Structure formats: structure tokens, C-alpha cells
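Novice: Please read through the structure below; I'll follow up with questions.
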Amino acid sequence: MEEALAEMVQTVLGRVKAEDLGVVYAHEHLIAKPPDWVVKEDDLELDSAEKAFQELKYFQMAGGKTVVEMTTKDYGRDIQTLHQVATRFSGHIIVPTGFLREYYFSPLVKDRSVNDLAEEMTKEIIQGIEGTAIKAGVIKAGSGLNHISSLEKKVFKAAARAHLKTGAPISTHTQAGTMALDQLDILMGEGVSPKSIILGHLDRRLDWNYHKKIAGSGAYLLYDQISKEKYWPDSTRIEFILRLIKEGHGSQILLSGDFGRKSYWVSYGGGPGFTYILWRFIPWLKSEGVKDGEIYRILQDNPRKAFRFSSISRK
């Protein structure tokens with residue numbers, strides 16, 4: 001890996017010290033244009049730089065500073081528009097390399113080798129994305145519902161190899177929260193430390209024994225469906241967070257909203273918007289007895305550690 005990256009975080013506008021991230025949302029979408037051949041739904045098309053900037057202003061007004069933008073190229077990543085947003089935003093935006101899941105990436109992956117995919121990911125981290133100087137700061141890999149396909153396994157192995165070359169963290173998509181333990185098995189089997197693995201969407205499957213096993217691995221548990229009562233009430237998410245803290249896993253919790261629809265954004269006329277977690281959910285956690293120091297750890301200290309580049313030898 002490039003030693004200068006160790007312990008740093010890589011954003012759209014360049015490298016920053018992990019200590020500069022402030023309050024972090026660990027999995028969001030700011031600009032996303034899903035391919036028409038997979039899905040055609042206007043609500044999923046986040047295509048306005050101005051609306052993204054406005055929503056980030058609300059986020060910043062609530063105390064936020066960094067957004068991890070997890071839109072990959074198979075889901076319509078638009079790096080140039082993201083750059084426009086980043087240059088206006090006084091906080092930080094981190095963008096990914098990698099892929100979402102087979103449903104989206106099949107034509108882009110099926111005829112390629114693991115090494116070829118790993119080289120592409122590595123290039124986007126070290127040299128830049130799509131011929132630009134904008135570099136990825138996180139690697140994404142994902143799987144479908146209750147199954148990891150052969151193509152998805154290929155992407156996970158490529159993500160692991162790119163991590164081992166660069167030190168970039170890996171953040172995953174679990175469909176409805178499933179297959180996290182299997183994702184861990186693949187990545188750790190390829191030599192990735194659990195301290196460099198972030199498992200996404202786990203609050204879609206709030207099964208305590210499942211979460212306890214994940215926590216026991218040392219990986220990060222990302223609760224990124226906050227406010228989405230259609231999956232689980234936030235009261236249940238809070239119960240799980242309280243239990244994780246009580247059992248000594250507070251240093252592994254990350255939060256976000258995954259607000260990937262226009263209808264979730266205040267700037268598009270929807271809600272609850274990017275202020276919800278900081279203005280509603282965090283006060284609720286405090287009312288349940290979570291101390292300020294623990295809130296700081298979850299919103300700032302944990303993301304700093306999760307999204308910094310590792311020196312590979314760190315276990």
C-alpha cells in the first residue's frame with residue numbers, strides 16, 4: 001500500500017486526517033442515477049446537485065460534517081456531479097469504488113476475473129475514478145437476499161485484494177440485513193481484518209443472536225435504516241444499540257439513514273431528511289440513558305477508526 005495513506009481518510013477533495021471528520025453519516029446517497037434497464041423509478045433518481053447541497057446544509061446545521069456516499073457505478077455513480085457538490089460543501093464527502101450486488105452489476109462483472117476487478121478498484125483508490133483525480137475512499141461489495149452468488153463472491157474477493165493493496169476500508173451491502181456472517185467469512189478468509197470491515201443495513205434484520213455473532217467478530221455494525229418504520233420501529237433499533245453498548249460493543253456501532261429516495265429528503269419536499277438522526281434519534285438515545293461520551297464515540301470516534309486507511313498489519 002501507499003504508506004502516506006495509512007491512518008488517513010480519502011475524500012472527494014483529497015486526503016484528510018481522520019480527526020477532521022467530525023460527525024459522520026456512514027452510508028448515504030447524494031447523487032444516484034440507477035440504470036433504466038434495472039429500475040425506472042423517479043423517486044430513486046437523486047439527480048440534482050443543488051438539492052444535494054441543500055440537504056447537506058441541513059445536515060451541517062444539525063451538527064454533521066462528513067457523509068459517506070455509497071453509490072457505486074452499477075447504481076449510477078456520477079463522480080463529476082459529486083465533485084460539484086463537494087466543492088460547495090464545507091464538510092467532507094467520501095465516495096466508493098466497487099459494486100452493489102449482482103442484480104445491478106451482472107453485465108459489468110460476469111466476464112471479468114477477480115484480479116481484473118481488484119485492479120480496477122485499486123486504480124480508483126490510488127489513481128482516480130473514471131480518468132479524474134477524484135479518488136475513492138472506501139470499497140463496496142454486496143450480496144442478494146439470503147444468498148451470495150458466484151459473481152458476488154468474485155466481487156468480495158476482489159474487494160479483499162484491493163483492500164490488501166491499499167488499506168482502504170470495506171463497507172458492504174446486505175440485502176435486508178442477510179448474509180453478513182457469510183460476507184465476513186469470505187473477507188476474513190482472504191486476509192482482511194474485521195477492523196477494516198463495515199457491515200451495512202444490519203437494522204433490516206434485528207435478530208439479537210445474529211447481531212451478537214457479528215459483534216463478536218470485531219467488525220463494525222452499521223445501523224443505517226434509522227427512521228424507516230416500515231422495516232422496524234426506531235425504538236427497537238435503540239434497544240439493540242443499548243444492548244450492544246451494555247455488552248461492550250459500543251466501539252463497533254455506526255449510524256446513518258441511507259436516505260436514497262427523493263421522498264426522504266426535505267430539499268425534494270419529503271422527509272424526514274438529513275437532520276432526523278441528529279435532532280430526533282440522538283436525543284431519544286440520550287433520553288434512554290446513553291451518555292454524551294458514548295454519543296461522541298458512535299458519531300465521531302467510531303467512524304474515524306472505521307474509514308481511515310489501515311496499515312494492513314493492524315489486526
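Numbers here mean position along the shown chain, with the first residue as 1.
Positions of Cβ are set from backbone N, Cα and C atoms, glycine also.
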Novice: Can you tell which of LYS135, LYS140, LYS230, LYS246 TrEMBL lists as binding Zn(2+) 2 with HIS173, HIS201?
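Specialist: Looking at LYS135, LYS140, LYS230, LYS246, the one TrEMBL places in the Zn(2+) 2 site next to HIS173, HIS201 is LYS140.
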Novice: Taking the Cβ of LYS140 (Zn(2+) 1 binding site) as the centre, how many other Cβ atoms fall within a 10 Å radius?
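Specialist: Its Cβ shell of radius 10 Å holds 28 other Cβ atoms.
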Novice: Mind checking which of HIS29, HIS173 has the fewest other CB atoms within 10 A of its CB? They're the binding-site residues.
Specialist: HIS29
Novice: Return one of helix, strand or coil for HIS27 (Zn(2+) 1 binding site), based on DSSP.
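Specialist: Going by the DSSP assignment, HIS27 (Zn(2+) 1 binding site) falls within a strand, counted as strand.
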Novice: Rounded to a whole angstrom, what is the C-alpha distance between HIS173 (Zn(2+) 2 binding site) and ASP258 (Zn(2+) 1 binding site)?
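Specialist: Cα-Cα distance, HIS173 (Zn(2+) 2 binding site) to ASP258 (Zn(2+) 1 binding site): 11 Å.
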Novice: Using a 10 Å cut-off on Cβ-Cβ distances across all protein chains shown, tell me which of the binding-site residues (HIS27, HIS201) has the largest neighbour count.
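Specialist: Of the binding-site residues HIS27, HIS201, the most buried by Cβ count within 10 Å is HIS27.
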Novice: Who sits close to ASP258 (Zn(2+) 1 binding site): which same-chain residues at least 6 apart have their Cβ under 8 Å from its Cβ?
Specialist: HIS27, GLU28, HIS29, GLY200, HIS201, ASP224, GLN225
Novice: Where does HIS173 (Zn(2+) 2 binding site) sit in DSSP terms: helix, strand, or coil?
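Specialist: Looking at the DSSP assignment, HIS173 (Zn(2+) 2 binding site) belongs to a strand.
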